[in-house]
Amino acid sequence: MENTGWMGKGHRMTPACPLLLSVILSLRLATAFDPAPSACSALASGVLYGAFSLQDLFPTIASGCSWTLENPDPTKYSLYLRFNRQEQVCAHFAPRLLPLDHYLVNFTCLRPSPEEAVAQAESEVGRPEEEEAEAAAGLELCSGSGPFTFLHFDKNFVQLCLSAEPSEAPRLLAPAALAFRFVEVLLINNNNSSQFTCGVLCRWSEECGRAAGRACGFAQPGCSCPGEAGAGSTTTTSPGPPAAHTLSNALVPGGPAPPAEADLHSGSSNDLFTTEMRYGEEPEEEPKVKTQWPRSADEPGLYMAQTGDPAAEEWSPWSVCSLTCGQGLQVRTRSCVSSPYGTLCSGPLRETRPCNNSATCPVHGVWEEWGSWSLCSRSCGRGSRSRMRTCVPPQHGGKACEGPELQTKLCSMAACPVEGQWLEWGPWGPCSTSCANGTQQRSRKCSVAGPAWATCTGALTDTRECSNLECPATDSKWGPWNAWSLCSKTCDTGWQRRFRMCQATGTQGYPCEGTGEEVKPCSEKRCPAFHEMCRDEYVMLMTWKKAAAGEIIYNKCPPNASGSASRRCLLSAQGVAYWGLPSFARCISHEYRYLYLSLREHLAKGQRMLAGEGMSQVVRSLQELLARRTYYSGDLLFSVDILRNVTDTFKRATYVPSADDVQRFFQVVSFMVDAENKEKWDDAQQVSPGSVHLLRVVEDFIHLVGDALKAFQSSLIVTDNLVISIQREPVSAVSSDITFPMRGRRGMKDWVRHSEDRLFLPKEVLSLSSPGKPATSGAAGSPGRGRGPGTVPPGPGHSHQRLLPADPDESSYFVIGAVLYRTLGLILPPPRPPLAVTSRVMTVTVRPPTQPPAEPLITVELSYIINGTTDPHCASWDYSRADASSGDWDTENCQTLETQAAHTRCQCQHLSTFAVLAQPPKDLTLELAGSPSVPLVIGCAVSCMALLTLLAIYAAFWRFIKSERSIILLNFCLSILASNILILVGQSRVLSKGVCTMTAAFLHFFFLSSFCWVLTEAWQSYLAVIGRMRTRLVRKRFLCLGWGLPALVVAVSVGFTRTKGYGTSSYCWLSLEGGLLYAFVGPAAVIVLVNMLIGIIVFNKLMARDGISDKSKKQRAGSERCPWASLLLPCSACGAVPSPLLSSASARNAMASLWSSCVVLPLLALTWMSAVLAMTDRRSVLFQALFAVFNSAQGFVITAVHCFLRREVQDVVKCQMGVCRADESEDSPDSCKNGQLQILSDFEKDVDLACQTVLFKEVNTCNPSTITGTLSRLSLDEDEEPKSCLVGPEGSLSFSPLPGNILVPMAASPGLGEPPPPQEANPVYMCGEGGLRQLDLTWLRPTEPGSEGDYMVLPRRTLSLQPGGGGGGGEDAPRARPEGTPRRAAKTVAHTEGYPSFLSVDHSGLGLGPAYGSLQNPYGMTFQPPPPTPSARQVPEPGERSRTMPRTVPGSTMKMGSLERKKLRYSDLDFEKVMHTRKRHSELYHELNQKFHTFDRYRSQSTAKREKRWSVSSGGAAERSVCTDKPSPGERPSLSQHRRHQSWSTFKSMTLGSLPPKPRERLTLHRAAAWEPTEPPDGDFQTEV
């Protein structure tokens, strides 16, 4: 059990009741039961002061029980105990104290029996004195006679034992004895006693004096009790360092001494205790005491002083000089431990002083920075520039500077001016003196004949001497010259002037001889030209004034920072001045300055715990500031200083940072060394080598964390830019070799897992230095607690050299730290040119320092971050060099073993920071971001040109090739074009963080959209194959799939990641870490799989019987079909496509889409995969070349498949060129006229289909669909399959709902005059150019009521041409017959001509010809068509125009296209919208029956065996219904009129009824082998109409 308390709160366990306690004690004593240690022992820690009784200390009050008190730090604290004598406790339990170095849980305190004592005495014969002393370490508390016994310990643990025999203990103690507080404990700081501890000691001394009759003294430093000035008082002095290395454990007062002599002495005033002490014996008067002194926190091998400010710890000894030669620095620190009863600490916690070593360091010669380029040597024409640098001379045998001192280069200025001519000299001026000799001057002017800026060669003025009268003698003299004035010009030869005064005045003339003024030229350098001056500029809220090239201008920092910014005016190679980048190395943001002030406030706190918690808050705030990524280069240097103070404070306060604090600390370092800060670090290097200081801070913090670890414990910290491994191993038993990094650890970053960097540290390297040999590194000494006998305290002459122990203690540990930096090589000071850091940087640090092996054993493998380098060298960082800013890489410590394409292996001798130095390629810069590479530009440009060509062709012929497939293709091309443009934009190095993030997000969107549009094309082909009509809703779904699905994926990814991972410092694409890349790879893979599935389904559909137009393939496939399915109805010109069968155009388009997906989709996947690799790894030329090849091939393939190989585009181009097919009629939807492609719109196709469709209806067969069902499928559900053709039970026919390839097997008809069976007589609707007509067979059978599905929806005004003869409309026309009313068997002419809107039968011709099949009459009867009459074509109805244009009519109207003529033909059609209600269907059905025209008059032919072409045509379709046989000229009109009134039975007898029921004599209609119907119209017919 462990108990912690404050101010007396120790472990306390009160028994439930005295009766229960007595029962337990009696049982244990009766059976001689030894109590279990877990139930009889207690451990207390953290007790500063307390007074305890038996029931407070022991869980179970019994003999053998123990109570152990822990000293938190024996080097700094001491335990003071006062034992208050109580007779019952002493008599029954004989308490004694045992000072222990280690706590033993199962240790028993029972006194050994006499037999065991004898055996123990025999075993102790021959034991050394140390073991005897340890055996006699127990102190009997009741051996003295006084009321108090004082004890002083500096051990780790003090154990209080009840050591009496069980038989001697009573069954029950008195309650007063149980509650008597017989032990008082006080924990005192040896060097900083608080007021409370001194007050307790003073009270003890006062009580001791009252009991003894005289004063008692305590030799405790820093404590003084009031009233101690008497003679008997003990003065308090500070003890010096111990004179001996090993002292005894404790001091107790002598047994026989009187109570008045019970004084407590400190460890420094006692002699060695060498006599043996056994149980029951009195201790000697001079017992021995073992004292341990506190050590320095920074230097564990040195002892700390014990004098100084009582409110703070003493200063530690000065550390070893930081340099082995020359002038270095020494540091000493102190920490403050304050209790609530003490005062706060004041003053600094760290001091630094310079130190000079006797050894002189060799100083190599160092070049200073190059000076600025001089102005051109000539003001015009071609000259030269030069610049110089100065070499700091070497000292003490250092190397001289290498390299040139002067550099020159050519310069070209403006053309030199034309030399002018001097004019005549002017007159001489006056003499300069009035007496004696003087000078005269004259001048001349330059005549400029050329440009205004031409000059003349020669002097402008001329001077000569002049003689005057002698000056009179005077006694005056000149005074001293004053200082020269400022130059009148800063350049281009100005002048300076100085004066002197005449000190005396003569009687006549000028008082002094000579002149009192002197003038001399100055600033002879040429003034910079206009192009050599930097203009005024306003950048970042700062105004930079104009300056000449080479000058540095200083300015205030931006408003959000304090300090000064600088900027240099530079000169380009062409001689033009320009401003360099501003330097903000001396600018510090307000937030960072406030954070530093809060750091100072935490440092001012005296208590360690508060200071440690304050540092945790500082690290948390610093992480939040750096995460914003808005800071200056000066903020980075300031952050390094903050981290150094945090590390020192953690170390001084002995505060163990938590795991979160450690993670935040290294996360801050990761933010600072990020590659985005390379330019900031380059700027900061001009002021201070902050990256080198950061490297040292990281190493110190690693060892701070490692000291808090347990033995064999390790810690791994992983961030975006560095990986840290920390482990603690005992010095005497290092477990195994060290390998770093462990790539298989959980949480490891991808850049570490895939890297080839490796460290191998054999355990032979981990050995301490030999005795007396100085340490070889600046690491701290061994963290052992005690000083071994082989160590010697530092003397005055060896204060800066630390000696390691010869035999390390078992408690000494190695702290091994390894760090792999991802980007540190970019920010460390670079080596001398032409070398550069071409690998990652790895740091290895071990403390205490190890002995360097005789040969290199440390193996390091470092992978390259720059490809194409040459001459690699392994190097280590050398801290001993004086100037760290010039580059401290040392290549002599490591050997380069092996160089491969991906990494280099090194072997080094010393532990340090390692890297590979090599010469980078000449055409490679170390910039992580730059302009796009040439392969990327070529690939994107070729692909964009191909796609733009495709878009231009489609835009030119859009009205001819507009379709769903074309729209999908255009969206697909736009997504690829946008992707190529964004790839090029993302490679630019001028993008900001926000623009790069947006570029990555849009790239993600367009990459996914390109895949989705390929999937949309597959979906469209699938819908075309299954024959489902695409409504506008389906088209909107196309857009949702193509653009909506990628937008949803990108929105979800951005929302979850908060744009983290969209764009990195190296590229503008999805980050390869964190799993964000799966947001693109996952959907793309799913789309590819779904596309493959749809492709397989479409292919199976096309290979089925309805999807193959080739008859041979169908026969091989063994599919059965209706025998009449290969025939075509006479209305093939309508362009209708049968709904249950797939048209050849749809099959062709579906096959083209399938083939396009199979070719484009794999190429698209390869292109974007290579694009991702090329963007993420710019150094790889292979990936960029692959992307260029795949991207170019993708553009060409898309253009070829969808443009050059597409049939629609080919037809458009042919028709534009005038190459048209001659076998197509004028009215064909795909025919060409006058070089133009005549393509019907969806509306005109619907009208053409409605007017030229033939519908066969039968009672007991399939339910035929309406035109509404044919066009828009409104009457059928979308998922309902169309009905197939069937054969009736008696051989009757059943057809598909709409026109198709139908073969009509004609059954045998009854004889003439016999009525046919009603079930075999079906109403026949024939179509012409003007509309539909019904061959009325109602006189053979009554018409049955038709269902709502047995009708066709036709326009209200189907025909507007009226017959030329009588029988017009008007009131005499019969009304429409109600549905279901039977008609009479015969009809008169009046009945036939009673419909005003239809043509009578005399305007139609019925013929049999080769076009629609042949018919042989076995009875020798012929059928003569009626002669043409000028009824419909020549006599139009008043107010209505003709529907057709004869081909023989000349004029400009013939030049109209077929499209215009069809629009004219259907211009006055008024279609009603189809409704989904039964009422509207019924009305349309009745209207349809009213407008059908009935055929009742036909003429007979006299010729028996003549082949006839028969057709039913309206007057408006004469060009396609011309009979092959013309009537004889002599035929009488009466005969024609008679034949016109012939009944239908006669016609049936001569034609259909006369054929025998043999297959070879069946009526054969025109086959569809040469007919290719157009595609079914897309869209909703009801909505479009």
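A Cβ is built for glycine as well, from the same backbone N, Cα and C atoms used for every other residue.
If you look up Swiss-Prot, you'll see 229-238 (among others) marked as compositional bias 'Low complexity'.
As annotated by Swiss-Prot, compositional bias 'Low complexity' applies to 769-780 (among others).
Summarising the annotation, Swiss-Prot assigns compositional bias 'Basic and acidic residues' to 1372-1382.
Residues or ranges marked as compositional bias 'Polar residues' by Swiss-Prot: 1543-1552.
Per Swiss-Prot, the feature compositional bias 'Acidic residues' maps to 1575-1585.
The N-linked glycosylation site annotation in Swiss-Prot covers N106 (among others).
Summarising the annotation, Swiss-Prot assigns N-linked glycosylation site to N191 (among others) and lists sequence analysis as the type of evidence. Take the CB of N191 (N-linked glycosylation site) and look out to 10 A: across all protein chains shown you find 23 other CB atoms.
DSSP assigns N192 (N-linked glycosylation site) to coil in the three-state reduction, outside any helix or strand. The feature N-linked glycosylation site is assigned by Swiss-Prot to N192 (among others).
Swiss-Prot lists S266 with the feature O-linked glycosylation site, giving experimental evidence as the kind of evidence.
Marked as N-linked glycosylation site by Swiss-Prot: N356 (among others). Around N356 (N-linked glycosylation site), the C-beta neighbours below 8 angstroms that are at least 6 residues distant in the chain are G326, Q327.
Taken from Swiss-Prot, the feature N-linked glycosylation site applies to N437 (among others), supported by sequence analysis. Long-range Cβ proximity for N437 (N-linked glycosylation site), meaning a same-chain Cβ under 8 A and a gap of 6 or more residues, is found for E465, C466, S467, N468.
Among the features that Swiss-Prot reports, N-linked glycosylation site is placed at N560 (among others), with the record citing sequence analysis. In the three-state DSSP assignment, the secondary structure recorded for N560 (N-linked glycosylation site) is coil.
Taken from Swiss-Prot, the feature N-linked glycosylation site covers N645 (among others), and the record attributes it to sequence analysis. Within 10 Å of the C-beta of N645 (N-linked glycosylation site) we count 19 further C-beta atoms, all protein chains included.
Reduced to three states, the DSSP call for N867 (N-linked glycosylation site) is coil. Cβ neighbour count for N867 (N-linked glycosylation site): 16 (other Cβ atoms within 10 Å of its Cβ, all protein chains included). Per Swiss-Prot, N-linked glycosylation site is recorded for N867 (among others).
What Swiss-Prot records for 229-271 (among others) is region 'Disordered'.
For 767-806 (among others), the entry in Swiss-Prot reads region 'Disordered'.
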Which of the three DSSP states, helix, strand or coil, fits N437 (N-linked glycosylation site)?
coil
Six or more residues beyond either end and a Cβ under 8 Å away: which residues meet both conditions relative to the transmembrane segment (1079-1099)?
1004, 1007-1008, 1011-1012, 1014-1015, 1018-1019, 1021-1022, 1025, 1045-1046, 1049-1050, 1052-1053, 1070, 1150, 1153-1154, 1157-1158, 1161, 1165, 1168, 1172
Could you check the glycosylation sites N192, N560 and say which one's CB has the most other CB atoms within 10 Å?
N192
Using a Cβ-Cβ cut-off of under 8 Å, list the residues of the same chain that are 6+ residues beyond the ends of the transmembrane segment (1037-1057) and lie near it.
964, 967-968, 971-972, 975, 1001, 1004-1006, 1008-1009, 1012-1013, 1015-1016, 1019-1020, 1074, 1076, 1079, 1083
Quick check for the class: what is the C-alpha distance, in angstrom and rounded, between N867 (N-linked glycosylation site) and N645 (N-linked glycosylation site)?
40
Measuring Cα to Cα, how far is N192 (N-linked glycosylation site) from N645 (N-linked glycosylation site) in Å?
25
Collapsed DSSP category at N645 (N-linked glycosylation site)
helix
Which whole-number value in Å describes the distance between the Cα atoms of N560 (N-linked glycosylation site) and N645 (N-linked glycosylation site)?
24
Give the distance between the Cα atoms of N191 (N-linked glycosylation site) and N645 (N-linked glycosylation site), rounded to the nearest whole Å.
25
